[in-house]
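Single-structure report; data block below.
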Amino acid sequence: MVSQQKSGKFTGLMKRLLGEVTVEPLVFLNFLALAYFAVPMQTGIYKVLCIKIFPGRDCTSLSNDPAAEDVLQKAASLWSQLMAACYLGPALISDTLMGALGDIYGRKINILIGITGMIVAWYSTMVVFAYPQLPLFILLCFNLIAGFTGFLSIVLISSFAYLADVVPEKEDLTTRMVILQMVISAAAVIGSISAAACIRIMSNVKVICIGVLLMTIAFFYSLIRLDQVPPDVMRRLILLRKQRLERNDSVHEHNNVEMVKNNQVQPASECKTLSLTEEKEKVSCSSKFSRIVGLVKKVLHETYLTYTKPRPDHNRLFIWICFSVYFLHVVVDMGLQHSVFNLFLMRRPLSWTAENISLYRGAAAFINTAGSFIGVLILKKLFKFRDTALVLTALISSIADRIFTGLSTKGWMIYAATSCGCLSTLLLPTMKSFTAQLVGHDEVGKVFTGFGLGSNVAHLLSAILLNSLYSATVSIYPGFVFFFGACLSFIGSLFFAFVHFEQKKYLQSNEKTDERL
């Protein structure tokens, strides 16, 4: 009897833990697939450009011809700008619209559409690499189409928003978001190391094919596991489910049923039916085009109001500072890590191969995971760092990373620079968690929509600005662009230092007031 009770408790505990898992496997699969795509994509374009610019030459020995290598580097940098512009332009519109729809009807459909866009874009890349004689403009066309689906940005934004929906307690949200960031890093470690092994024995096309297969699995996981439920209803359902698990008695279950009957809470299936019914009614009243235009205007207006409405305790100013720091960080991180950095590694004196880059990405992800572990367990849990202190620490770590990378001329120096920046991964999840605590639950999606718009603009700006700067300085001093990135991060740290000290003053004044009472 005792053993049966223990077994029942263990089974109940496991069910409860598994019930808490939502977007983590989805995000894991996304970044696992990204590891199989990112390096083969950039090295593949580099190889195709070399074949087109220098037909008949050995593209593996261009480091012996500095002038030719710099010409190829500038061409690859230009194509990075073009591809970013093709999918980020449409994404500015689609992220706004889809973010609003997610706030009304739920996040699941956004995630599915974003994954579909990535699968389409990646498949076109496989075709071009399999047939190098095809024009590279095919990639631009498919990236343009994929941009209208929101691409990876809408998947991430919706995943973070979904997590905010299912974790009502604000004090737990920071930990869950940092854990999600650690899941991303773990996926990058496993994916990059396994991708490096695949690159050694497979062509770029086959490696990317593995990434497409992983994205397909992520699609079906999202389809089965996630719920398409309006966020406000989702939060009420989560609270009721938590109460039912804690009390676990028939009386409470009866009360829940009565609350549903009294329309205080609607079941997920009923919410879906209601949403579909309302959707049909709205579509029947006016044309789809005018409805979409009206919805875009409404979303932009509501997002504008969310960022501009008066708030107590300087919260409105804090939201804008958070947005600005987030914007600058994305400019630096996207522009350097996802475009210029790989070109910098492939150029002399480093001259890294695709396998070297993939192995490095795995090691860097492991180092960043260790940094996240240190940040959560030691800085936040042990030393009780507030969110603002964690963001400042992450910014300082990021600045050190950029400076040492710009000075690097040996492989070990790149790894040392990454070790200096191991705490920088705390910035995005902590920033989002801190911002979510400044607004109401019904405004979280709108704030994240603004973040998504800013992220797309920042990505587009970084692709143009940093790639242009790299092309202009690659023959003189290629590391200069990393020093420029460090300066942008330093400006962000100055902004956020103000938030940190203002928050500290506010908390101290509250403590003094409580002591007097």
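For all residues, glycine too, the Cβ spot is worked out from N, Cα and C.
Annotations in TrEMBL come from automatic prediction, not curation.
Annotated in TrEMBL:
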type	residues	note
TRANSMEM	21-39	transmembrane segment
TRANSMEM	109-131	transmembrane segment
TRANSMEM	137-165	transmembrane segment
TRANSMEM	177-199	transmembrane segment
TRANSMEM	205-226	transmembrane segment
TRANSMEM	317-337	transmembrane segment
TRANSMEM	357-379	transmembrane segment
TRANSMEM	411-428	transmembrane segment
TRANSMEM	448-470	transmembrane segment
TRANSMEM	476-499	transmembrane segment
Whether the transmembrane segment (21-39) meets the transmembrane segment (357-379): three or more C-beta pairs under 8 angstroms: yes
Range from 109-131, 137-165, 411-428, 448-470, 476-499 with most C-beta pairs under 8 A to the transmembrane segment (357-379): 411-428
For the transmembrane segment (109-131), distant same-chain residues with Cβ under 8 A (at least six beyond the ends): 23, 26, 30, 33, 37, 40-41, 44, 48, 87, 98-99, 101-102, 138-139, 141-143, 145-155, 157-159, 162, 203-205, 208-209, 211-212, 215-216, 218-219, 222-223, 226, 228
Outside the transmembrane segment (317-337), six or more residues from its ends: residues with CB under 8 Å to it: 307, 311, 391, 395, 398, 402, 405, 427-428, 431, 434-435, 438-439, 447, 450-451, 454-455, 457-459, 461-463, 465-467, 481-482, 485, 488-489, 491-492, 495-496, 498-499, 502-503
Within-chain partners of the transmembrane segment (205-226) [C-beta distance under 8 Å, separation at least 6 from its ends]: 22-23, 25-26, 29-30, 32-37, 40-41, 44, 107-108, 111-112, 115-116, 118-119, 122-123, 125-126, 129-130, 162, 195, 198-199
Other parts of the chain folded back onto the transmembrane segment (448-470), taken as Cβ under 8 Å at six or more residues beyond its ends: 77-78, 80-81, 84-85, 88-89, 91-92, 95-96, 99-100, 103, 153-154, 157, 160-161, 164, 299, 303, 306-307, 323, 326-328, 330-332, 334-336, 339-340, 343-344, 432, 435, 478, 480-481, 484-485
